[in-house]
Each structure stands twice: as C-alpha cells, then as structure tokens.
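> Structure incoming, see below.
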Amino acid sequence: MGSDSSLLLLFLCVATAAIAAANAQTYDGCDNELPSELAGNYSGLDCRTVWNTFVLRYSQSKDHELSIVVSTIYTTGWVGMGFSKDGLMVGSSAMVGWMGKTGLHHVKQFLLKGQTSSQVVANEGNLLLSSGSEPKVVVDQAKIYLAFKAKFSQKVTKQQILFAFGSSIPVDNKLTKHTDKISMAFDFSTGSTAAGAYPHNLKRSHGALAIFGWGVLAPIGAIIARYCKRWDPMWFYLHVGIQFVAFIIGLAAVVAGVALYNKLHANLAAHRGLGIFILVLGILQILSFFLRPNKDSKLRKYWNWYHHWVGRLTLFFAAVNIVYGIHVAEAGTSWKAGYGFVLSVILLTTIVLETLLWTRWSGKTVDPPTY
C-alpha cells in the first residue's frame, strides 16, 4: 500500500511538472518587458499576442495618436505591420523593420502599390508618423521590436491590419517576398481580433472547382469517349452528360476566378489568360455538339477532327493552368500532392487503356478509332 502511494505521488509530481513545462513553453510575449531603448517613449501600452509569436503593444492618446510596438522572434530578414482599408495588401501602407548585414537597424514606411517587389515603394505611404518620435527598431535577445507612432484624424477603433515577415534582408530598400502573412481586423478600443477580409474561401473554391471540373470530370468524359465505344449508345450519353457537368463546374471556377481578381487585383496575366482560353475552347466544344453532322455526311470526318483535337487542347491547357495556379497561389503541399495524384491516375489509366486499344486493333484490318 505504501509503495502504491509513493508511485501515485511520484506520478502526480511528474504530471504537475510536465503541465508546468508545457505552460512555460506557451508563448506569451506580453510577459516580457520592453527593451530599455523603448521603455521611455512606449510605456503603459496594452498588449495582445495576435499571431504566432507576433505581439502587438499599443495605446491611443486623446488626440488620436497610436503608439505601436510590434515584436516577434527574429533571426534575420524583415518584419512588417500594415494598415489597410479592406484587409488586402494592395493599397495599404506598412511600417517595416530589419537589421542589416552590418548590424545597422532600419525602419521605413512602404506603400504597397502591388504584389511585386518593384511595386512595394519605400519612403511612401499614407501613415502620418509623429514628428516628435522617430520610428525605431531594436533587436534584443533573439527578438525584434518595431516601434512607431502615427496620428489619425479620428479615434481608431476597428482597423484592418496586416502582419508579415520575410527571411531575406532587404537590399537598397527592396523587400523580398514575404515568407508568411496574415490579415485581421483589430479593435484598438477592446483589443479583440477577427478574421480579415482576405477571400480565403473564395480562393479555395476557385481552385477546387477548377480541379474537379477541368481536371477530373473532363478527362473522365474524354476517356469514356475513346475507350468505351463498345457500349453503344451508353458511352455517348455518359460522355455528353459528364462533359456538360464538367463545363458547368469549370464555368463556375471561372466566375469565382473573376470575383477573386476583382477583390485582389492580382497580377497573374498568364493564369488569367489561360483560363479565358480554356473557357473559349470549352464553349466551342459545347457548340460542336449542336452542330454535329450526321454519320453519313461528308463533313463528319472534319467535325471529328475538330472535336477531338480541340478537346485534347482543352485538357492539356487545363492541366497546365491548374498546376500553374497551384504554384502562384502558394496553395501548399496538400494541393500539389492531391492534384499530382489525380493527374498520375488519369495518365496511367490512359496509357493502359491506349495500349489495350492498340493491341486489340493491331490484329484487325479496320483502322483504330481516331479518338
């Protein structure tokens, strides 16, 4: 009995120690004091951990001056905080700080005119910085502190803000692409946060619809048309039905893409151009169904040639644009692996069925099908 009690006591001690260690490892930068270089001008600030290791300290004076200190874990690169009207990057003004290769600290305001490095312009922006307190960057104990004061025409309550960081040190005030970012609505009167206006769901819907419509259903419909003609007329009805549904879903992907562009104004001319081209090819395929000549018509072989090759072009460019879209959207490993698996299955199935088809027709005098 005494031995059991000792083991129980030992277990409770270990469990308590483990819980304490876990709590100690939970990051709460608000428990840390500001470096001495900032303590004088930025004392008495409210504090919130807003994103990962990003900590926002803030206060607002009666004349609507915001005192801001942003801090996070730091090794190299840059850290920034932006103010946006709609939660989007383009059009916002951001304060960015970093430590140069020589150890000098830099802090500048940037105007985010676009999403490329050349469109992120230093020493411009709409933030009215306080003349009585220069912005400052401090690197202390593996953390970077970005401090500044900005004046506003009225009390700041709920404000769309951006946080971002990059792993490369800026050269000649040129910011490299961010490693990660977030958009949120922060209420400076209550300290509460909410999801930003960035259209994540619309972006995911656009990608999912494009993959399912153009990248899954359309190839299945084409496979049925080429390899299932023994089951006449079932193959024809399946082919028409699947391709029609694929076109509707693909059209929905295009509509979602247009809505996404209207929100983000992303500079993706190649992706957008390919999407329009694929849609036009899809419309041509739908029209060809209604203009199909009779089997005994002299025009039928030309229609077949047109229909087959426009279909193949549609599938090819759709696959290219899906891969390119996943890349430019930085969709992540799950999207790449998912569509990679789908594309691999489609290609492997096509190779096997094509081999069987030509093997079956090789011993016959009749020419193999053109599609």
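Any Cβ shown, glycine's included, is placed from N, Cα and C.
Per TrEMBL, the features are:
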- 1-24: signal peptide (SIGNAL)
- 52-166: domain 'DOMON' (DOMAIN)
- 169-362: domain 'Cytochrome b561' (DOMAIN)
- H206, H239, H271, H307: heme b binding site (BINDING)
- 208-228: transmembrane segment (TRANSMEM)
- 235-261: transmembrane segment (TRANSMEM)
- 273-291: transmembrane segment (TRANSMEM)
- 303-326: transmembrane segment (TRANSMEM)
- 338-358: transmembrane segment (TRANSMEM)
> Residue list, the transmembrane segment (303-326) vs rest of chain: Cβ under 8 Å, 6 or more residues beyond ends.
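Result: 207, 210-211, 214-215, 218-219, 222, 250, 270-271, 274-275, 277-278, 281-282, 284-285, 288, 291-293, 335-336, 339, 343, 370-371.
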> How many other Cβ atoms are found within 10 Å of the Cβ atom of H239 (heme b binding site), counting all protein chains shown?
20
> If you count Cβ atoms within 10 Å of the Cβ of H271 (heme b binding site), leaving out that atom itself, what do you get?
18
> Give me the count of other Cβ atoms within 10 A of the Cβ belonging to H307 (heme b binding site).
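If we count other Cβ atoms within 10 Å of H307 (heme b binding site), we arrive at 19.
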> What is the three-state DSSP composition of the domain 'DOMON' (52-166), stated as helix, strand and coil residue counts?
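Split into helix, strand and coil, the domain 'DOMON' (52-166) gives 3 helix, 66 strand, 46 coil.
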> Determine the mean pLDDT over the domain 'Cytochrome b561' (169-362), rounding to the nearest whole number.
90
